[in-house]
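Enquirer: When I checked Swiss-Prot for this same protein, it listed these features:
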COILED    36-97  coiled coil
DOMAIN    123-185  domain 't-SNARE coiled-coil homology'
REGION    90-109  region 'Disordered'
TOPO_DOM  1-192  topological domain 'Cytoplasmic'
TOPO_DOM  214-217  topological domain 'Vesicular'
TRANSMEM  193-213  transmembrane segment
Amino acid sequence: MDVFERTEQNFQHVCNSITRRIKQLPNYGGEKKKIAVREVENDIDEALKFISEMEKLAQNHPQRIKLQTKTKQYHSDIQKYKREVQLAQLQSSNQTNSNPWSNAPDDYQSQYDNQRQHLLQGSNMLDSTSDRLLRTHQISAQSEQIGQNILMDLGKQGEQIRGMRDKLHETDDQIKSARKIMTGIARRLATNKVILSIIILLLMGIIALIICLKWLR
């Protein structure tokens with residue numbers, strides 16, 4: 001397990017604590033709810049610190065793009081936790097129709113319901129937008145990864161082509177060297193042939209001269 005994975009494990013532990021505390025918020029009221037909310041907010045701050053640490057670790061990691069996508073998702077999760085805390089603060093302790101304005105006139109009750117409804121709608125819109133942005137980021141990250149893989153493949157192919165070119169240059173040099181050697185051998189053979197012809201002619205001349213001298217005697 002590397003440093004990123006250990007940090008991620010600590011982050012997940014804090015997220016589990018956040019989820020548990022948020023579920024308990026509607027059961028509290030008054031000062032207890034304020035204390036519970038502060039505890040959740042402290043956990044959220046701690047989770048954000050872990051995310052920041054993971055972002056730094058991801059920059060130099062071999063799987064940088066994959067890990068950066070993870071941290072984006074974790075940021076989105078934290079935003080959802082924050083909205084859930086806001087919603088929980090509006091919910092009643094018994095999760096029914098009671099709320100801080102339950103004994104108030106109808107216009108206050110209606111105002112409370114409208115605010116809660118708007119907050120729920122806004123939360124749903126933010127969740128939907130966050131999901132779309134995350135999917136877009138994932139597609140972008142995948143495209144970037146594919147592009148990097150293609151560049152790596154092209155780089156390897158380029159190295160292979162350069163290696164083949166170098167070998168061709170070496171082969172061409174060897175052919176030129178062999179050609180020079182063969183040309184030298186051919187010249188030596190031609191020279192030797194001329195010398196041999198001259199020697200033969202000289203021998204024939206000497207033999208003819210000896211025969212002539214014998215006839216003259």
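Each residue, glycine too, has its Cβ placed from N, Cα and C.
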Enquirer: Excluding the flanking five residues on each side, which residues at least 6 beyond the ends of the transmembrane segment (193-213) place their CB within less than 8 Å of a CB in that stretch?
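Expert: Same-chain contacts beyond the ends: none.
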Enquirer: If I take every residue in the domain 't-SNARE coiled-coil homology' (123-185) and average their pLDDT values, what number comes out?
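Expert: Across the residues of the domain 't-SNARE coiled-coil homology' (123-185) the model's pLDDT averages 78 on the 0 to 100 scale.
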